[in-house]
C-alpha cells in the first residue's frame with residue numbers, strides 16, 4: 001500500500017485501519033473505549049470508509065447518549081435509516097435498556113397488564129428484572145434478530161463507554177438464566193397462570209407462557225449463534241479508541257485483556273486528540289502536553305507492537321456533519337503527516 005512508504009521501520013504494522021477495510025470477511029466491528037475519547041467520531045468515520053469498499057454498511061449506536069444523530073446532523077431512531085448523502089450506509093440508535101414489556105408486545109400497542117388486580121401486576125417484568133442484565137440482553141438480542149433479517153454486509157457498533165461495552169459477551173449466560181427461571185415457573189405454575197392469563201386476555205400481543213418461552217428460546221438461539229461469530233476473528237474485530245493519557249491507556253489495557261480472555265479479536269488502536277506543535281512553538285502548555293502524550297504514545301507502541309496504532313491529531317473544530325467526517329475518515333486510512 002502507498003502509505004507503507006511512510007513507515008520507516010519495515011517491521012512496523014501499518015498505522016492505519018486499512019487492514020480492516022481489506023478484510024472482506026468481517027461482519028461485526030465494535031468500536032469502544034473510555035468516555036470522551038472520540039468513539040463516535042471514529043465509528044462514523046470507519047463506517048464511511050467501509051461504505052466505499054462494501055455493498056452495505058449498518059452503523060448501530062448502543063450508547064444511551066446517542067451521538068450518531070449529532071455527528072451526522074440527522075435524526076436516527078430504532079429503525080435503520082439511510083445516512084443523508086449515502087446510498088449504502090445506514091444508521092440506527094437503540095436503547096440497550098429497552099423494556100421487557102415492549103419486547104413481549106412485539107411492537108404492538110401497550111396493553112393493560114392482564115395480571116393487574118390479581119395482586120400479580122407486573123409479575124412477568126419483576127421476574128425478568130430479577131436476573132441481572134436480562135433487560136439489556138433481550139433488547140440486544142432483539143436488535144441482533146432484526147439485523148440478521150436485514151442484508152447488511154458489515155455492521156459497525158458504536159458502543160457505550162468501556163464499563164458497558166463488553167456486556168454482550170455475558171448475554172448468552174444471562175439469557176440461559178432467564179430461560180431457566182421461566183422454564184421453572186412454567187412447569188410449576190404454567191397451567192394455572194395460562195388459565196388466569198386466558199381469563200384476563202393473555203399477555204401483551206395475545207401471548208401465553210408457551211409463546212413467551214418460545215420467544216426466549218428463539219432469542220437465546222440467535223444470541224448463541226452470533227456469539228460464536230463474535231469469537232471468530234475472520235468475522236469480528238474490536239477497534240479500541242483512546243487518548244494518550246494514563247487513565248485512557250489503563251482502560252484500554254483492561255479492555256484488551258478482557259477481550260482476549262473472551263476470545264474476541266482486537267488488533268487496532270486509534271489514539272485521538274494528539275498535539276503536534278512546531279519546534280519553535282512558544283506555547284508552553286502545548287509543548288508540555290505533547291511531552292506527556294509522547295510518553296504514553298511510546299508506552300502504547302511498546303505494549304501493542306503487534307497492533308495497528310493509528311495516530312489522530314487534535315483538530316481546531318468539532319468533527320460534525322458529512323464533509324468533516326469524510327475528511328477525518330481519510331486520516332484513518334492515510335497516516336497523518338503533521339506540518340513542519
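Placement of Cβ uses the backbone N, Cα and C atoms for every residue, glycine included.
The candidate list 245, 301, 302 contains one residue that Swiss-Prot assigns to the ATP site with 34, 35, 36, 37, 38, 39, 40, 41, 272, namely 245. Long-range C-beta contacts of residue 286 (Zn(2+) binding site), restricted to its own chain and to partners at least six residues apart, with a cutoff below 8 Å, comprise 275, 277. Separating the Cα atoms of residue 63 (active site) and residue 34 (ATP binding site) is a whole-number distance of 12 Å. Highest Cβ count within 10 Å among the recorded positions 63, 245: 63. Local packing around the binding-site residues 34, 36 was summarised as the count of other Cβ atoms within 10 Å of each Cβ; on this measure the leading residue is 34. According to its DSSP assignment, residue 286 (Zn(2+) binding site) is helical.
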